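To keep things clear, I will list the structure first and then write my remarks on it.
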Amino acid sequence: MGVISPIETLFLKSHHRLLQPRDYSYPVVLNNTRGHFANFPRNSFSSSSLGSCSVEFPLRSNPISQNGKSSYHWRIYVSESDTNEMYHKKVSIMETLKQANSYIPHAILSSTILALLYPPSFTWFKPRYFVPGLGFMMFAVGINSNERDFLEALKRPDAIFAGYIGQYLIKPLLGYIFGLIAVSLFNLPTSIGAGIMLVSCVSGAQLSNYTTFLTDPSLAPLSIVMTSVSTATAVLVTPMLSLLLIGKKLPVDVIGMISSILQVVVTPIAAGLLLNRLFPRLSNAIKPFLPALTVIDMGCCIGAPLALNIDSILSPFGATILFLVVTFHLLAFVAGYFFTGFFFSKAPDVKALQRTISYETGMQSSLLALALATKFFQDPLVGVPPAISTVVMSLMGVSLVTIWKNRKE
């Protein structure tokens, strides 16, 4: 068998490339020969010519005698079967990581059950971790987007306004109706009705941006703009709605709201966009791992509020409140979907837009409502609907992701 130079082995170790015609000529040192070389003829890399050269796998390099010493020019023996096995294993791992988003419903359901059965499993995830947790999801959206997507989103003011109507008109009307039903029909304490209304008064949830990204990636920037606008104006709208629906004006910290937008939305997305632009290789290297990390992150963000408020959720009114909150969010998702379909029936991407505004209408910032309930209401029962809403809207949102993605495929 001929001794093959290191350069030539780069071509010989790949069976696919070996069979392709090449326009080059490399010297090959023959066995037990010093100073004699044989050239592969130009344009003659075919299976027949390879047979005459007796090339086989695994490739081997025989020692070359120089100055009385023997040395190996290449000592790594490459087996074609081993190479293919390693390649397919690597591809399999990467595909599993990329498809981790399909396990989001399972992760949320598992974290919900675990939080109910064993609350200490999530009580370590304190409220101060919620902002970084949500910010990480926005970073995952940003790194998979580019600045042109956001510029295009700003060219659709009608869609942005429709999302605003869904968040601050349709949802508060539903919240007011279900608050009255809770008190008058189910004879629940007034504080429970106030808690349901409070959920409907707050801005959109950042989780809606991520669910839109999973279903319709091209509209994720539009969803982010919608949520940012509703969050920015919440300093005015939320106090007015709470006064109108609940009868108590809740002051909202303007500086804190702006800081929340910067930490949860603007900074993570900007970081993802810049990483994509300035360091594309690094960006491409970490992208496959983001879905799996996001699933873990989302599980913590859902399980923690449930575990931290377990006593209120397991109160005597828990089952009734759960039914009311589920129905409230379900109707909000449905109303947002059909409202958009009616007013944007001629839009070329009407179905994608319906899904996006449905997420925006059905998912509110229940964590903000929980924080307001804890800070401004003495009765702890006011915080029960927001705590349940955090889990319910997340489960319903990711369930819709699964349903709509399967229909698209």
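Quick reminder: no glycine exception, Cβ is built from N, Cα and C everywhere.
Listed features, source TrEMBL:
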TRANSMEM  100-118  transmembrane segment
TRANSMEM  168-186  transmembrane segment
TRANSMEM  192-210  transmembrane segment
TRANSMEM  222-246  transmembrane segment
TRANSMEM  252-276  transmembrane segment
TRANSMEM  288-308  transmembrane segment
TRANSMEM  320-345  transmembrane segment
TRANSMEM  383-404  transmembrane segment
Among 100-118, 168-186, 222-246, 320-345, stretch most in contact with the transmembrane segment (288-308) (C-beta, under 8 angstroms): 100-118
Stretch among 100-118, 168-186, 192-210, 383-404 sharing the most Cβ pairs under 8 Å with the transmembrane segment (222-246): 192-210
Contact ranking winner - 168-186, 192-210, 383-404 against the transmembrane segment (100-118), Cβ under 8 Å: 383-404
